[in-house]
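Peer 1: According to TrEMBL, the feature coiled coil maps to 55-92.
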Amino acid sequence: MTDIGSIGARSVQTLGDRSVSNLEHTGSVQFMYAMLQMELAQSNKNAALDKIDGIKAAQEQSKAYTQQINQCRDLMLQMEDLQTELDEVGGNNGMSSLFSKSELDAEVETLTPIVEEVADLLAEAKDDNSNLVYTSWTAQDYINGLPSEVIFDMQRGGAGDHQHLNYEVQIGYDVLSKRLEVLQQAQSLYTKLESMCESAGITINGGAITLDSLKSAIANLEGEQETVSADIQQEMVFVQDFMGQYNAYTQGSSSAISEANETLKTLARG
(Lines of atoms letter the chains of each structure in order from A; the text may use other names.)
(Lines give C-alpha, C1' and ligand atoms only; values in the text may rest on other atoms or scores of the structure.)
Protein backbone atom coordinates (compact mmCIF):
# COMPACT_ATOMS: atom_id res chain seq x y z
CA MET A 1 0.00 0.00 0.00
CA THR A 2 1.30 3.46 -0.86
CA ASP A 3 2.39 5.62 2.08
CA ILE A 4 0.41 8.79 1.45
CA GLY A 5 2.47 10.71 3.95
CA SER A 6 5.58 10.26 1.81
CA ILE A 7 4.04 11.58 -1.40
CA GLY A 8 4.76 15.18 -0.37
CA ALA A 9 5.06 17.68 -3.18
CA ARG A 10 5.62 15.16 -5.94
CA SER A 11 4.17 16.64 -9.11
CA VAL A 12 0.96 15.09 -10.30
CA GLN A 13 2.42 15.52 -13.80
CA THR A 14 4.86 12.68 -13.14
CA LEU A 15 3.85 9.23 -12.01
CA GLY A 16 6.74 6.92 -11.22
CA ASP A 17 9.08 7.01 -14.21
CA ARG A 18 6.30 7.43 -16.75
CA SER A 19 6.18 11.00 -18.01
CA VAL A 20 2.91 12.26 -19.38
CA SER A 21 4.60 15.14 -21.21
CA ASN A 22 4.50 13.26 -24.48
CA LEU A 23 0.76 12.84 -24.13
CA GLU A 24 -0.25 16.34 -23.18
CA HIS A 25 -0.92 17.46 -26.72
CA THR A 26 -2.39 14.28 -28.09
CA GLY A 27 -5.90 14.91 -26.84
CA SER A 28 -6.18 11.15 -26.39
CA VAL A 29 -8.89 9.62 -24.27
CA GLN A 30 -6.23 7.72 -22.34
CA PHE A 31 -4.46 10.95 -21.42
CA MET A 32 -7.65 12.63 -20.25
CA TYR A 33 -8.52 9.55 -18.23
CA ALA A 34 -5.03 9.46 -16.67
CA MET A 35 -5.28 13.11 -15.62
CA LEU A 36 -8.69 12.52 -14.07
CA GLN A 37 -7.36 9.53 -12.16
CA MET A 38 -4.43 11.59 -10.84
CA GLU A 39 -6.76 14.37 -9.71
CA LEU A 40 -8.92 11.86 -7.86
CA ALA A 41 -5.82 10.27 -6.32
CA GLN A 42 -4.63 13.68 -5.10
CA SER A 43 -8.06 14.45 -3.67
CA ASN A 44 -8.06 11.21 -1.68
CA LYS A 45 -4.52 11.84 -0.51
CA ASN A 46 -5.48 15.28 0.80
CA ALA A 47 -8.54 13.87 2.53
CA ALA A 48 -6.43 11.17 4.20
CA LEU A 49 -3.85 13.71 5.38
CA ASP A 50 -6.62 15.87 6.88
CA LYS A 51 -7.91 12.82 8.75
CA ILE A 52 -4.42 12.02 9.99
CA ASP A 53 -4.04 15.55 11.36
CA GLY A 54 -7.33 15.10 13.19
CA ILE A 55 -6.20 11.75 14.59
CA LYS A 56 -2.98 13.30 15.89
CA ALA A 57 -4.95 16.04 17.67
CA ALA A 58 -7.32 13.45 19.16
CA GLN A 59 -4.38 11.38 20.38
CA GLU A 60 -2.98 14.43 22.17
CA GLN A 61 -6.38 14.98 23.77
CA SER A 62 -6.49 11.34 24.88
CA LYS A 63 -3.00 11.74 26.34
CA ALA A 64 -4.17 14.80 28.30
CA TYR A 65 -7.11 12.81 29.69
CA THR A 66 -4.71 10.06 30.79
CA GLN A 67 -2.54 12.59 32.60
CA GLN A 68 -5.56 14.09 34.37
CA ILE A 69 -6.84 10.65 35.38
CA ASN A 70 -3.45 9.65 36.77
CA GLN A 71 -3.17 12.97 38.59
CA CYS A 72 -6.60 12.47 40.16
CA ARG A 73 -5.64 9.02 41.37
CA ASP A 74 -2.33 10.23 42.76
CA LEU A 75 -4.00 13.11 44.60
CA MET A 76 -6.63 10.74 46.02
CA LEU A 77 -3.85 8.60 47.52
CA GLN A 78 -2.21 11.69 48.99
CA MET A 79 -5.54 12.79 50.49
CA GLU A 80 -6.05 9.39 52.10
CA ASP A 81 -2.50 9.34 53.48
CA LEU A 82 -2.81 12.81 55.00
CA GLN A 83 -6.17 11.98 56.57
CA THR A 84 -4.62 8.87 58.15
CA GLU A 85 -1.72 10.93 59.49
CA LEU A 86 -4.11 13.55 60.87
CA ASP A 87 -6.17 10.87 62.63
CA GLU A 88 -2.99 9.84 64.46
CA VAL A 89 -2.58 13.34 65.90
CA GLY A 90 -6.11 14.33 66.82
CA GLY A 91 -8.33 13.85 63.79
CA ASN A 92 -10.43 16.59 62.23
CA ASN A 93 -11.09 18.36 65.55
CA GLY A 94 -14.41 19.82 64.43
CA MET A 95 -13.59 20.17 60.74
CA SER A 96 -16.18 18.55 58.50
CA SER A 97 -13.41 17.68 56.03
CA LEU A 98 -9.64 17.95 55.99
CA PHE A 99 -9.95 19.40 52.50
CA SER A 100 -12.51 22.09 53.23
CA LYS A 101 -10.55 25.24 52.48
CA SER A 102 -12.14 27.61 55.00
CA GLU A 103 -12.04 25.07 57.83
CA LEU A 104 -8.51 23.98 57.01
CA ASP A 105 -7.23 27.55 56.91
CA ALA A 106 -8.98 28.35 60.20
CA GLU A 107 -7.47 25.29 61.90
CA VAL A 108 -3.96 26.20 60.74
CA GLU A 109 -4.46 29.80 61.87
CA THR A 110 -5.57 28.61 65.32
CA LEU A 111 -2.88 25.98 65.78
CA THR A 112 0.18 27.89 64.55
CA PRO A 113 0.54 30.24 67.58
CA ILE A 114 -0.24 27.35 69.95
CA VAL A 115 2.64 25.30 68.56
CA GLU A 116 4.92 28.33 68.90
CA GLU A 117 3.78 28.78 72.50
CA VAL A 118 4.37 25.13 73.42
CA ALA A 119 7.81 25.27 71.77
CA ASP A 120 8.69 28.21 74.03
CA LEU A 121 7.43 26.30 77.08
CA LEU A 122 9.59 23.34 76.12
CA ALA A 123 12.62 25.61 76.21
CA GLU A 124 11.64 26.79 79.71
CA ALA A 125 10.83 23.41 81.23
CA LYS A 126 13.76 21.59 82.86
CA ASP A 127 14.70 18.13 81.70
CA ASP A 128 14.56 16.74 85.24
CA ASN A 129 10.91 17.84 85.57
CA SER A 130 11.81 19.97 88.57
CA ASN A 131 9.77 22.97 87.46
CA LEU A 132 6.33 23.71 86.09
CA VAL A 133 5.39 25.75 83.04
CA TYR A 134 1.95 27.10 82.18
CA THR A 135 0.01 27.10 78.96
CA SER A 136 -2.34 29.92 78.06
CA TRP A 137 -6.03 29.19 78.44
CA THR A 138 -6.44 29.37 74.67
CA ALA A 139 -3.78 26.72 74.16
CA GLN A 140 -5.08 24.55 77.00
CA ASP A 141 -8.65 24.66 75.70
CA TYR A 142 -7.42 23.54 72.28
CA ILE A 143 -5.37 20.72 73.80
CA ASN A 144 -8.28 19.59 75.97
CA GLY A 145 -10.46 19.39 72.86
CA LEU A 146 -8.23 16.83 71.16
CA PRO A 147 -8.82 13.07 71.62
CA SER A 148 -7.30 11.98 74.93
CA GLU A 149 -5.47 9.01 73.43
CA VAL A 150 -3.13 11.25 71.44
CA ILE A 151 -2.25 13.93 74.00
CA PHE A 152 -3.55 12.69 77.36
CA ASP A 153 -0.43 13.71 79.32
CA MET A 154 -0.96 17.37 78.53
CA GLN A 155 -4.70 17.50 79.07
CA ARG A 156 -6.18 18.88 82.24
CA GLY A 157 -9.63 18.40 83.71
CA GLY A 158 -9.79 21.23 86.22
CA ALA A 159 -10.85 24.71 85.23
CA GLY A 160 -7.71 26.21 86.74
CA ASP A 161 -5.25 23.50 85.81
CA HIS A 162 -2.89 24.40 83.01
CA GLN A 163 0.49 23.58 84.55
CA HIS A 164 2.88 21.09 82.99
CA LEU A 165 6.16 19.27 83.50
CA ASN A 166 8.85 18.89 80.85
CA TYR A 167 7.84 15.40 79.70
CA GLU A 168 4.22 16.50 79.29
CA VAL A 169 5.20 19.51 77.22
CA GLN A 170 7.49 17.35 75.09
CA ILE A 171 4.66 14.94 74.29
CA GLY A 172 2.33 17.85 73.58
CA TYR A 173 4.82 19.54 71.29
CA ASP A 174 5.45 16.36 69.33
CA VAL A 175 1.72 15.86 68.74
CA LEU A 176 0.86 19.49 68.01
CA SER A 177 3.82 20.18 65.71
CA LYS A 178 3.10 17.00 63.75
CA ARG A 179 -0.55 18.00 63.53
CA LEU A 180 0.38 21.43 62.17
CA GLU A 181 2.74 19.85 59.65
CA VAL A 182 -0.02 17.58 58.33
CA LEU A 183 -2.46 20.49 58.10
CA GLN A 184 0.06 22.59 56.19
CA GLN A 185 0.70 19.70 53.82
CA ALA A 186 -3.05 19.50 53.32
CA GLN A 187 -3.10 23.21 52.44
CA SER A 188 -0.40 22.67 49.82
CA LEU A 189 -2.23 19.64 48.44
CA TYR A 190 -5.50 21.58 48.36
CA THR A 191 -3.89 24.09 46.00
CA LYS A 192 -2.95 21.25 43.63
CA LEU A 193 -6.41 19.74 43.98
CA GLU A 194 -8.07 23.07 43.22
CA SER A 195 -5.95 23.58 40.10
CA MET A 196 -6.61 20.04 38.91
CA CYS A 197 -10.35 20.37 39.53
CA GLU A 198 -10.44 23.59 37.52
CA SER A 199 -8.64 22.04 34.55
CA ALA A 200 -10.85 18.93 34.71
CA GLY A 201 -14.08 20.93 35.02
CA ILE A 202 -14.87 19.66 38.52
CA THR A 203 -17.14 21.88 40.62
CA ILE A 204 -15.94 22.45 44.20
CA ASN A 205 -18.99 22.96 46.38
CA GLY A 206 -18.41 25.25 49.34
CA GLY A 207 -14.65 25.07 48.97
CA ALA A 208 -14.60 21.38 49.95
CA ILE A 209 -12.92 18.65 47.90
CA THR A 210 -13.88 15.06 48.67
CA LEU A 211 -12.69 11.65 47.56
CA ASP A 212 -16.13 11.05 46.06
CA SER A 213 -15.84 14.15 43.87
CA LEU A 214 -12.48 12.93 42.57
CA LYS A 215 -13.86 9.44 41.92
CA SER A 216 -16.69 11.03 39.95
CA ALA A 217 -14.20 13.15 38.03
CA ILE A 218 -12.15 10.07 37.13
CA ALA A 219 -15.27 8.31 35.84
CA ASN A 220 -16.17 11.36 33.71
CA LEU A 221 -12.65 11.68 32.32
CA GLU A 222 -12.53 7.98 31.49
CA GLY A 223 -15.84 8.33 29.65
CA GLU A 224 -14.51 11.25 27.62
CA GLN A 225 -11.35 9.32 26.84
CA GLU A 226 -13.34 6.31 25.62
CA THR A 227 -15.31 8.58 23.29
CA VAL A 228 -12.10 10.05 21.87
CA SER A 229 -10.61 6.57 21.42
CA ALA A 230 -13.72 5.40 19.55
CA ASP A 231 -13.51 8.46 17.29
CA ILE A 232 -9.85 7.74 16.58
CA GLN A 233 -10.66 4.18 15.54
CA GLN A 234 -13.39 5.41 13.20
CA GLU A 235 -11.13 8.03 11.66
CA MET A 236 -8.45 5.41 11.07
CA VAL A 237 -10.98 3.37 9.10
CA PHE A 238 -11.61 6.43 6.93
CA VAL A 239 -7.86 6.91 6.41
CA GLN A 240 -7.49 3.33 5.27
CA ASP A 241 -10.36 3.82 2.85
CA PHE A 242 -8.87 7.01 1.41
CA MET A 243 -5.48 5.32 1.05
CA GLY A 244 -7.12 2.42 -0.76
CA GLN A 245 -8.85 4.84 -3.12
CA TYR A 246 -5.57 6.69 -3.64
CA ASN A 247 -3.79 3.48 -4.60
CA ALA A 248 -6.61 2.48 -6.94
CA TYR A 249 -6.67 5.82 -8.76
CA THR A 250 -2.88 5.91 -8.97
CA GLN A 251 -2.84 2.46 -10.52
CA GLY A 252 -5.60 3.48 -12.93
CA SER A 253 -3.64 6.52 -14.04
CA SER A 254 -0.49 4.46 -14.49
CA SER A 255 -2.33 1.93 -16.62
CA ALA A 256 -3.91 4.65 -18.79
CA ILE A 257 -0.52 6.25 -19.42
CA SER A 258 1.00 2.91 -20.37
CA GLU A 259 -1.82 2.26 -22.82
CA ALA A 260 -1.47 5.74 -24.31
CA ASN A 261 2.27 5.30 -24.75
CA GLU A 262 1.72 2.00 -26.50
CA THR A 263 -0.78 3.69 -28.81
CA LEU A 264 1.75 6.42 -29.66
CA LYS A 265 4.43 3.84 -30.38
CA THR A 266 2.08 1.96 -32.68
CA LEU A 267 1.17 5.14 -34.54
CA ALA A 268 4.82 6.12 -34.82
CA ARG A 269 5.69 2.81 -36.41
CA GLY A 270 2.90 3.33 -38.92
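Backbone N, Cα and C atoms are what each Cβ position is placed from, and that goes for glycine too.
Those TrEMBL annotations? Automatic predictions, nothing curated.
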Peer 1: Residues of the same chain, at least six outside the coiled coil (55-92), with any C-beta under 8 angstroms of its C-beta?
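Peer 2: Non-local partners: 98-99, 146-147, 150-151, 175-176, 178-179, 182-183, 185-186, 189, 192-193, 196, 199-200, 209, 211, 214-215, 217-218, 221-222, 224-225, 228-229, 231-232, 235-236, 239.
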Peer 1: Taking only the residues in the coiled coil (55-92), give me the average pLDDT of this model.
Peer 2: 93
